[in-house]
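One structure is given below, encoded as structure tokens.
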Amino acid sequence: MINLILLGLPGAGKGTASEQIVDKYHLAHISTGDMFREAMANKTPVGLEAKSYIDKGDLVPDEVTAKLVEERLGQDDVKNGFILDGFPRTTNQAELLDEITTHLNKQLTNVIAIDVKEETLIDRLSARFMCKNCGATYNKFSKKPKVEGTCDRCGGHEFYQREDDKPEVVKNRLEVNEKMNAPLKEYYDKKGLLATVNGEQAPEKVFADIDAILSKD
């Protein structure tokens, strides 16, 4: 069984790699964002508790998020293993996750960090642009519209770049994320769970490296 966390800064390719891993290994892809939305929509006790913080503009306490993760890891589709997305983000959350996985007997088997240089990430993230009409997302390098200047989805001709995709904002966002990411990598390295792959490569090569790590165990 594979119980996995992928670590990496925004733009490192975690989303693409997650999809490829789920397709091959049939793992449950557990996203904390999706969990919050689902729990709040279904008005579960933990969902309502989380909503009370979000409605006030407060951060949801780690213990509440951990309850949500524990509920989700107890569901049937997790029997083949899981890949966690968006949790843990801090060492405190990592310790809570250890308690949960030990209690459920679903201990982590792998933590894989996708490493990409800051300048590459800035290039990737600041290359994003969107259709003004329908919000479809494109990338100057990897996902251009099929017809230049025309949105594939709605046929619109006006595009814009979000404020938080501008290079100086992206750089700041990456620095904030790295401050959170570095202690997590150290935490899992000490536990002997951490492996690192080179995220500068093409997505299929990144996946091949991840696949080699997962197949080995």
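Positions of Cβ are set from backbone N, Cα and C atoms, glycine also.
Note that the coordinates shown come from a computational prediction; the quantities given were computed from them, not determined experimentally.
Within its own chain, R128 (ATP binding site) has T137, Y138, N139, Q161, R162, D165 as residues 6 or more apart in sequence whose C-beta sits under 8 angstroms from its own. The annotation ATP binding site is assigned in Swiss-Prot to G11, A12, G13, K14, G15, T16, R128, T137, Y138, Q201 on the grounds of sequence analysis.
What Swiss-Prot records for 31-60 is region 'NMP'. Assigned with DSSP, the residues of the region 'NMP' (31-60) fall into helix, strand and coil as follows: 21 helix, 1 strand, 8 coil.
Marked as AMP binding site by Swiss-Prot: T32, R37, D58, L59, V60, G86, F87, P88, R89, Q93, R162, R173. Applying an 8 A CB threshold to same-chain residues 6+ apart, the list for F87 (AMP binding site) reads T32, T65, V69, Q93, L97.
Beyond the region 'LID' (127-165), the same-chain residues lying 6 or more positions past its ends with a Cβ under 8 Å from any Cβ of the stretch are 173. The annotation region 'LID' is assigned in Swiss-Prot to 127-165.
Annotated Zn(2+) binding site per Swiss-Prot: C131, C134, C151, C154, in sequence order, evidence recorded as sequence analysis. Of all the Cβ atoms in the protein chains shown, 21 others lie within 10 Å of the Cβ of C131 (Zn(2+) binding site). In the three-state DSSP reading, C131 (Zn(2+) binding site) counts as strand.
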- request: Indicate the candidate from R89, R162 with the smallest number of other Cβ atoms within 10 Å of its Cβ, considering only these binding-site residues.
  value: R162
Cβ-based neighbourhood (8 Å from the centroid) of the Zn(2+) site, residues C131, C134, C151, C154 excluded: K132, N133, G135, A136, D152, R153, G155, G156
Task: Sort out for me which one of V60, C134, C151, C154 has the most neighbouring CB atoms within 10 A, since those are the binding-site residues we care about.
output: C151
- request: Please work out the number of neighbouring Cβ atoms within 10 Å of the Cβ of T32 (AMP binding site), leaving out its own Cβ.
  value: 19
Query: Which one is it: of the binding-site residues V60, R89, C131, C151, C154, whose Cα lies the shortest distance from the Cα of G13 (ATP binding site)?
result: R89
